[in-house]
Amino acid sequence: MTVLKPSHWRVLAELADGLPQHVSQLARMADMKPQQLNGFWQQMPAHIRGLLRQHDGYWRLVRPLAVFDAEGLRELGERSGFQTALKHECASSNDEILELARIAPDKAHKTICVTHLQSKGRGRQGRKWSHRLGECLMFSFGWVFDRPQYELGSLSPVAAVACRRALSRLGLKTQIKWPNDLVVGRDKLGGILIETVRTGGKTVAVVGIGINFVLPKEVENAASVQSLFQTASRRGNADAAVLLETLLAELDAVLLQYARDGFAPFVAEYQAANRDHGKAVLLLRDGETVFEGTVKGVDGQGVLHLETAEGKQTVVSGEISLRSDDRPVSVPKRRDSERFLLLDGGNSRLKWAWVENGTFATVGSAPYRDLSPLGAEWAEKVDGNVRIVGCAVCGEFKKAQVQEQLARKIEWLPSSAQALGIRNHYRHPEEHGSDRWFNALGSRRFSRNACVVVSCGTAVTVDALTDDGHYLGGTIMPGFHLMKESLAVRTANLNRHAGKRYPFPTTTGNAVASGMMDAVCGSVMMMHGRLKEKTGAGKPVDVIITGGGAAKVAEALPPAFLAENTVRVADNLVIHGLLNLIAAEGGESEHT
């Protein structure tokens, strides 16, 4: 897998904590002269070479790596009550312990194999575990149970509980995706693979664990310990040895209790950590959906309970995979072939979508100063069966500009007292911004839970919608551009380019950028807290964000908040709301 020699591994392990090391010490470890170290370092893998920084005779890595030396690992194991083996490279750490379990099952108990590179690393259902050197903490260990294999079906979820406890001890908030993935929101942090050997009336369980230590650039939807450590505002860097020792301590304590009492004492903790509890999911086998429904929980055997349209279902892990059900909530299709042009007249831009057979065909947008793209599309696509429906907060002059591009009357729809089963609690619905109303109606294509609906445009609106169809109102604040503009006009020294967002900004530009984003995120989280309290009973409250700044706001929300809640970015939410309304059964509006 690599051409690294023992000297490379020694030097890399010495630098892995990210702290400065003098070149004389590193040269002794590599058995060479200090001036030879640069050539020696060029033999490291490319993604490792670029991490090196040199200053005044000291070397350090810009971020720590999950790389160990045998002696340090042995001492760690002794403190934790485990025998250790270090394999810089192997086929699979699970295979190493499985082989030991078949030869000497008693020796496999609490023997841990740590590896840096695996050629045949795998997860559940034989999936390949992708990683690069130093990016992932990977280890396997054996545990002997006086039980048959069929009684250990809940071992993988209980191992996930132990890992989550360890991460929590380090200040890192994570969740569990059934049965045993460690996740942060939709991003995967780690996985667990359980394999067993039955011998001599006992079962040796081999527990393989892989946790992303550094964020893997080549893997989508991934989280890492290092990134969580930084966003949790912890000082210094994450340390792989501390992480491993904390994991072993929790695994030891949890598995001792599990061997005695089973999974029952851990069910409540697992339920609280389950990312998808109370949410819609799909269960797949070989890529095909076999169940879809709402997660109701797990039982004392780790079996998943699902509420489906056909009734209650129970699912054991086996070869089943779970996915969040992200499909937009369907709306009835019109029975005729009428086509629509839907318009969203915002303050600064016009957006539009052509709808055919209940779905978007094409979408577009343009500033009001040049709406010719809309006129060109109209000339190209119009026929006798196009109905134009819109929502506008842009004012009468801009609405007239839009009308000039279209040779047919536009039906501009206002807010209303109710529509599509949603009651509007605004005191005077006629004063209610229609974009906020149609954002609320559009959110139902993405979630049936209670929702905080956020629109990031010229203004930022943060609205509350209950799961039983009550629009409670919400807040309005200046958008990012208006906040920046007001600071420029009303202050003497803040008329400068906004910088970047930082936890503790140390320049004025960065302070402005961070303050604006904190204001928006704080507003979202306060509304979420109020709606969560009102909804009660542990029900989920989702966040749906739309508008030009939506993605940045979603990224800026605290990791703990993202881990505990569903946050979705939805483009063109107003247009989705218009589509929901016109697609109601028979095309007749409930708008009253």
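Cβ atoms here come from the backbone N, Cα and C positions, even for glycine.
Copied over from Swiss-Prot, here are the features:
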type     : residues                                                               : note
REGION   : 1-329                                                                  : region 'Biotin--protein ligase'
DOMAIN   : 83-259                                                                 : domain 'BPL/LPL catalytic'
REGION   : 336-592                                                                : region 'Type III pantothenate kinase'
BINDING  : Asp344, Gly345, Gly346, Asn347, Ser348, Arg349, Leu350, Lys351, Thr458 : ATP binding site
ACT_SITE : Asp435                                                                 : active site, proton acceptor
Most distant Cα pair in Å, residues Asp344, Gly345, Gly346, Asn347, Ser348, Arg349, Leu350, Lys351, Thr458 binding ATP:
14
Neighbourhood of the ATP site (Asp344, Gly345, Gly346, Asn347, Ser348, Arg349, Leu350, Lys351, Thr458): other residues with Cβ within 8 Å of the Cβ centroid, in order?
Ser365, Tyr368, Val393, Cys394, Gly457
Note down the number of other Cβ atoms within 10 Å of the Cβ of Ser348 (ATP binding site), including every protein chain shown.
14
Mean pLDDT over the region 'Biotin--protein ligase' (1-329): what is the value?
89
Alpha-carbon spacing, Ser348 (ATP binding site) to Asp435 (active site, proton acceptor), which is rounded to whole Å:
13
To the nearest whole angstrom, what is the C-alpha distance linking Thr458 (ATP binding site) and Asp435 (active site, proton acceptor)?
12
According to DSSP, does the residue listed as 'active site, proton acceptor' fall in a helix, a strand, or coil?
helix
Quick one: what's DSSP say for Thr458 (ATP binding site), helix, strand or coil?
coil
Could you check what DSSP calls Leu350 (ATP binding site) once collapsed to helix, strand or coil?
strand
Including all protein chains displayed, how many Cβ atoms other than that of Thr458 (ATP binding site) lie within 10 Å of its Cβ?
18
